[in-house]
Amino acid sequence: MEQTFIMIKPDGVQRGLVGEIIGRFEKKGFSLKGLKLITVDRAFAEKHYSDLSAKPFFNGLVDYIISGPVVAMVWEGKGVVTTGRKIIGATNPLESAPGTIRGDYAIDIGRNVIHGSDAVESARKEIALWFPEGVAEWQSSLHSWIYE
């Protein structure tokens, strides 16, 4: 089954959106496999966003991510990477549809509440970085009510 990495950024944590965001993924039928509240240092944030290191907004992004605790999560389910991105909404909240997390809770691109893996391969890399200890192996008793 496919897995994705989801991070509630410092603004989402500070604004008390953790439960709401977790609820959206649970209600969709995805299974939470890993969860931690953590404040990361600059080196870790730079490693996570290394693919963006040449962008002019890189330093501001890193400063933002290290400004407070984040909630790092691993979610599992059929098509969870693609569907997770749809639940999250467009990177720019002003382009996000109402009903998406960013469409409902964010205004500025620099405070867009949440990160989600953009592909299966990036999800694997991000999960390995954030959860080197591995994640929980379990199956919900609702699995047969969600999947054929």
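Glycine is no exception: its Cβ is also placed from the backbone N, Cα and C atoms.
Features of the protein shown, as given by Swiss-Prot:
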- H115: active site, pros-phosphohistidine intermediate (ACT_SITE)
- K9, F57, R85, T91, R102, N112: ATP binding site (BINDING)
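Everything Swiss-Prot records as a feature, shown here on the structure.
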residue: K9; record: ATP binding site; Cβ contacts under 8 Å, 6 or more apart: Y64, I65, V70, R111, N112, V113, I114, H115
residue: F57; record: ATP binding site; Cβ contacts under 8 Å, 6 or more apart: G110
residue: R85; record: ATP binding site; Cβ contacts under 8 Å, 6 or more apart: G116, D118
residue: T91; record: ATP binding site; Cβ contacts under 8 Å, 6 or more apart: R102, I109, N112
Largest CA-to-CA spread of ATP binders K9, F57, R85, T91, R102, N112, angstrom: 21
K9 (ATP binding site) in three-state DSSP notation: coil
